[in-house]
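K.L.:
Structure in structure tokens, see below.
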Amino acid sequence: MTDIRKSHPLAKIINESFIDLPAPSNISAWWNFGSLLGVCLIIQILTGLFLAMHYTSDTMTAFSSVTHICRDVNYGWIIRYMHANGASMFFICLFMHAGRGVYYGSYTFTETWNIGILLMFTVMATAFMGYVLPWGQMSFWGATVITNLLSAIPYIGTNLVEWIWGGFSVDKATLTRLFAFHFILPFIISALAAVHLLFLHETGSNNPSGMMSDSDKIPFHPYYTIKDILGILLLILVLMLLVLFSPDLLGDPDNYIPANPLNTPPHIKPEWYFLFAYAILRSIPNKLGGVLALVLSILILAIIPFLHTSKQRSMMFRPLSQCLFWLLVADLLTLTWIGGQPVEHPFITIGQLASILYFSIFLILMPVSGIIENRLLKW
């Protein structure tokens, strides 16, 4: 008799995805981040659901409802801070996961890669909307500044912004609709993640060497389930250390001041995970140019597969490309730092140079290094 996990229609899907899935025998800890992102999403949906039970999306009561959650709701403070810091963990895992894809050439699975980029945009949109909900100073002004960027679109820009706002400024209508979208988007992310996995399982996983591993596969369970559980335990450990010891470490103190349209904070800046894109936006003096650069800073990932010139897939045996990859990491850290600094000398110049370098690495230096490495290996 066939095992029920192989014959039952639902169990069969789970079996083929997480139990009997043939996986390369040499995938490293860098392949843990996919499952960690799944865990982050589950944590965010669960904590978010309990927060939504007590939150009110009205400009008069939003701020005090968040205060009420932290002070009066049983364990409300831990749910709130797990949700806020869970977003930071989500983005750390997301950047590591995407970085792994760039380093090991996983972008050659174009369908999986493109859905991954779509997921990244969706997660960023969800996080932005979530940041607006507590209705503190940074929530209000962040919402005003970021939605206002759409006014740079020719002809329809102003109408589009007012349509999104539901009026002539960020107000009650804006907050209500952002809460509605913030609630629904994680479920859309879940569906996209399922499609992401579907396409991945069509091709099978990549591995550090970048070579075909069909002749050397092992079952996902127990080898990688146990490895994933270790990763999950470490993720929860780091998250809980953050939540229990310094929950406001990554937040902005200005968000503890209720939103006031008449008083602009001295430095308007988004959460840390958007600072690199924010720095690129600010480095271009033209409004439309800045918005385009902002979108392209993520969208550039979609053209990486077309700029792959090396005959090898992974960077594992390509020292020149490795140097460029770590230069890119350093550049992203520099941009993150600049995004949090005021717009003054020397930060403006550093931001502009870092932005030029960011696009140059992807568009010029990496394709050229691939060609040079091919020549060095007489290919």
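The backbone N, Cα and C atoms fix where each Cβ goes, glycine too.
So Swiss-Prot lists these for the protein:
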TRANSMEM  33-53  transmembrane segment
TRANSMEM  77-98  transmembrane segment
BINDING   His83, His182  heme b b562 binding site
BINDING   His97, His196  heme b b566 binding site
TRANSMEM  113-133  transmembrane segment
TRANSMEM  178-198  transmembrane segment
BINDING   His201  ubiquinone binding site
TRANSMEM  226-246  transmembrane segment
TRANSMEM  288-308  transmembrane segment
TRANSMEM  320-340  transmembrane segment
TRANSMEM  347-367  transmembrane segment
K.L.:
For the transmembrane segment (226-246) and the transmembrane segment (320-340), does the number of C-beta pairs under 8 Å, pairs 6 or more apart in sequence, reach 3 or more?
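P.N.:
Per Cβ check, the transmembrane segment (226-246) does not touch the transmembrane segment (320-340).
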K.L.:
Cα of His182 (heme b b562 binding site) to Cα of His196 (heme b b566 binding site): how many Å, rounded?
P.N.:
21
K.L.:
How many other Cβ atoms are found within 10 Å of the Cβ atom of His83 (heme b b562 binding site), counting all protein chains shown?
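P.N.:
The Cβ of His83 (heme b b562 binding site) has 21 Cβ neighbours within 10 Å.
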K.L.:
To the transmembrane segment (33-53), which of 77-98, 178-198, 320-340, 347-367 is linked by the most Cβ pairs under 8 Å?
P.N.:
77-98
K.L.:
Using the alpha carbons only, what distance in Å do you get between His196 (heme b b566 binding site) and His83 (heme b b562 binding site) once rounded?
P.N.:
24
K.L.:
Quick one: of His182, His196, His201, which of the binding-site residues has the smallest count of other CB atoms within 10 A?
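P.N.:
Comparing Cβ neighbours within 10 Å for the binding-site residues His182, His196, His201, His201 has the fewest.
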K.L.:
Sort out the residues at least 6 away from either end of the transmembrane segment (178-198), same chain, that have Cβ-Cβ distances under 8 Å to it, and list them.
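P.N.:
Sequence-distant neighbours of the transmembrane segment (178-198): 17, 37-38, 41, 44-45, 48, 52, 55, 57, 112, 115-116, 118-119, 122-123, 125-126, 129-130, 132-133, 143.
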